[in-house]
Amino acid sequence: MQKTFRITDEDGIHARPATALVNTANKFKDTESFAEASGKKVTLKSILGVLSLGLEQGDSLTLISEGPSAEDALNALAEVMVNEGLGELND
Amino acid sequence: MTNIKGIAASAGIAIAKAFILEHPDYTVKHTQVEDADREAARLDDALSRSRAELEDIKSRTLQELGEKKAEIFESHLLILDDPELINPVKDKIREESVAAEYALNETANQFIEMFQNMKSAYLQERAADMRDVTKRVLKHLLGLNYVSPSEISEEVIVIAEDLTPSDTAQLNRNFVKGFTTNIGGRTSHSAIMARSLEIPAVVGTQSILSSAESGDLIIVDGLEGLVFINPDEDTVAQYRDKQEQYAKQLEEWSKLRGEPTITQDGVHVELAANIGTPNDVTGVLENGGEGVGLYRTEFLYMGRDKLPSEEVQYNAYKSVLEKMQGKPVVVRTLDIGGDKELPYLDLPKEMNPFLGFRAVRLCLDRQDLFRTQLRALLRASVHGDLRIMFPMIATLGEFREAKGLLEDEKAKLAAEGIAVSDRIQLGIMVEIPSTAVMADQFAKEVDFFSIGTNDLIQYTMAADRMNERVSYLYQPYNPAILRLVKMVIDAAHKEGRWAGMCGEMAGDPVAIPLLLGLGLDEFSMSATSILPARSQISRLSEAQMQELASKALELRTAEEVVELVESTVSQ
């Protein structure tokens, strides 16, 4: 399952929210989560991976979770996106 | 007990344990190994040591500096665990049979390069985090014994070959009680920083680094320029007394804090301070400074990967002006080049850096960066009494060109509807003999002069003050220097301008009587020198010092001048 966001933070995805995303993804051991942007897909369990997407304000980002806790993981990640002021859900 | 003589660079006495600061060599060789499992285990071990270290730094930072500053270490910890980093390193160890440090370094460099090539300036700066983490792990792999100065968490005396600007920026005043270095003089960068941080320092000891070991008890006597290694009990007791006496003396001086500086015969002179960062303003006000006579803007440009933005600069200038509450603030535009480098400007190495592409010369060439600074200054000007000066002016043409750029930016801001103060004074530093000699002509076009003696002396005597073999030619009291200073002051007064001095000489107790006699209007010095200078000047009469100065101008040597001052003025 997946959700797509539009990045609203003017610095794009920077270290602090990236840290929060990775920490959240790491909580779900049985589930793999990914971030996908401009055709590049990285594991959300890697801060370097997330930063390597080079996301900027206005970019689109899709979060994908696969595994037994996919729904919980995706919801938790979406919450980080919104709470950190990173992005808004793109319906 | 060993005692070592050096140069007294910053007053005060400090007694604490030695902390040896050495810059480790992170060079990594391409080494083939046979046992890849062993290399992988070494990597794991280095990672877990780094992790423990970072956890420790993180919790200390959290306690001392708050959550925001600690966040950076949280992301460093994540990098240590990052599968995108660790897996490729391990693969490389196994596939290429290379040492762990080599595999790590190669892989990390790919990430550093990736960040450097990113569009976003923010993400480009993440290369520095990657470098930091890599160095931490390499340190353990290479068995280097290095703790960065920012990690010091007990009272110490820092001992080093020399301190770089980034070292000094990281020193925590709560823990670093003093420092002592092998090289440097009174006017070296580290000495100037020590005075602005108000930490006792002795520099130029030549042998302290080879004589002391971490943990040795050290006394730094920044008054006499002495360092003691493992002193006996009597010496320690004696120095505790001296420390107490010095504290009393400071207490005495502190009574002059809010007072003006007035000579016996009622002449008022202005005592201002030299600063490097907005934080230094606290020290200026605590020491009763009547203004900032020199704000060195270089530090805004140092210790970073790229030029500071207009906004970063605007905030710094605004902060200084606001904190000074309407008191004058003289800002020197970027003075880089010479001994001060900015890696990201990629300037070529020069045969004679002090005679080369630096300060205003560089700014007139790199107009992009100069204009950004001028805009930031102009925008900040509405927050106080801003005065701008250009460093290293050699000809009127240079001044006119720099002024033209300033006027240009002013007009652009006006067109954008951005407010700029209409009473910004514009001056120059007088550091080059050609400018001192032509001061009468400059005085018709500038609002003020600020004499930069550190450079003026070395250019007049044609001697690099950092070169030990010719440092004897660094002679502030040489009549040649006094005559140049007189020319500048007289030229300013003739046109109704003011003349200040922001070089080391302005705070020197032997020079002060002479400068007073020559009619200097503003003395700008290290914040800690202000109260002693005020105390000294309040005991002098300008009329008598005029006599002293005119005699000094007729003498032949620096020694004769010092003798004359010492026999006339009781210190």
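Glycine is treated like the rest: Cβ placed from N, Cα and C.
When TrEMBL records B:Arg332, B:Asn454, B:Asp455, B:Arg465 as binding phosphoenolpyruvate, the matching candidate from B:Arg296, B:Arg371, B:Arg375, B:Arg379 it lists for that site is B:Arg296. In TrEMBL, the annotation coiled coil applies to B:33-60, one of the ranges B:33-60, B:61-88, B:145-172, B:397-424.
Each of the recorded positions B:His189, B:Arg296, B:Arg332, B:Arg465 was ranked by the number of other C-beta atoms within 10 Å, and first place falls to B:Arg332. Each residue contributes its Cα atom, and for B:Glu431 (Mg(2+) binding site) and B:Asp455 (phosphoenolpyruvate binding site) those atoms are 5 Å apart. Here the domain 'Phosphotransferase system enzyme I N-terminal' (B:5-126) is broken down by DSSP into helix, strand and coil counts: 81 helix, 16 strand, 25 coil. Its Cβ placed at the centre, B:Asn454 (phosphoenolpyruvate binding site) has 20 other Cβ atoms within 10 Å. Cα of B:His189 (active site, tele-phosphohistidine intermediate) to Cα of B:Arg332 (phosphoenolpyruvate binding site): a span of 16 Å. Counting only same-chain residues at least 6 apart in sequence, those with a Cβ under 8 Å from the Cβ of B:Asp455 (phosphoenolpyruvate binding site) are B:Phe354, B:Met392, B:Glu431, B:Ile432, B:Gly503.
Sequence-distant contacts of B:Cys502 (active site, proton donor), defined by Cβ-Cβ distance under 8 angstroms and a gap of at least six in the same chain, are B:Asn274, B:Gly293, B:Leu294, B:Val330, B:Met429, B:Ser450, B:Ile451, B:Gly452, B:Ser524, B:Met525.
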